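> Please see the structure below; I have some questions.
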Amino acid sequence: MKTDAIELGVAKDSTPIGGANRGVSILDFILRLVALVGTLASAILMGTTNETLPFATQFIRFRAEYDDLPTFTFFVVANIVVSGYLLLSLPLSIVNIVRSTAKNRRIILIIFDTAMLALLTAGASAAAAIVYLAHKGNTRANWFAICQQFNSFCERISGSLIGSFVGVAVFILLILMSASALSRRN
């Protein structure tokens with residue numbers, strides 16, 4: 001009797017595929033919320049970053065703002081676009097919880113998740129390179145580190161990278177989970 005069950009692939013203790021996919025869909029929704037909070041916080045933190053040095057003269061003021069560098073502007077725009085996508089994908093994720101056997105919706109999410117992963121990775125990596133230069137400088141190119149003077153500015157731009165890279169990690173997990181759920185269905 002047991003050999004027949006093994007040969008047919010039927011087991012009494014196995015979980016139904018719909019139940020496992022529902023759990024994946026719930027985790028998908030939670031991870032999307034985590035990524036939304038991280039990317040939105042990163043965009044807000046970077047977008048509101050500025051610092052003016054206290055020893056400004058009558059004619060010269062030393063000020064650092066995020067939009068002084070196009071890389072930081074790209075970082076903010078990339079995080080806002082990804083946050084908007086995550087907000088718009090939440091209803092689709094809820095539909096996947098209710099109807100966990102929806103293959104087409106999951107494929108659409110994988111495609112757009114991959115595009116958003118690429119955008120977010122590009123923005124976070126470019127900003128990380130500039131943050132590194134702000135902290136360390138580059139003596140060969142005569143780029144001096146500015147973080148000794150603009151301490152608060154550097155702390156904020158460094159902190160804004162954390163949420164963005166958390167978003168990158170979450171997108172990788174989302175893509176792997178969705179691909180795994182699709183492969184179990186076939």
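Glycine is no exception: its Cβ is also placed from the backbone N, Cα and C atoms.
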> I'd like to check whether T73 and Y132, as annotated in Swiss-Prot, sit on the same side of the membrane - that is, whether they share a topological domain name.
yes
> Counting by DSSP, what is the helix, strand and coil composition of the topological domain 'Extracellular' (128-156)?
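Its residues divide into 18 helix, 2 strand, 9 coil.
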> Give the nonlocal contacts of the transmembrane segment (26-46) in its own chain as ranges (CB under 8 Å, at least six residues past its ends).
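Residues packing against the transmembrane segment (26-46) from afar: 66, 72, 75-76, 79-80, 82-83, 86-87, 89-90, 93-94, 96-97, 109, 120, 127, 156-157, 159-164, 166-167, 170-171, 173-174, 177-178.
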> So what pLDDT does the topological domain 'Extracellular' (128-156) average out to?
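Averaged over the topological domain 'Extracellular' (128-156), the predicted model reaches a pLDDT of 83.
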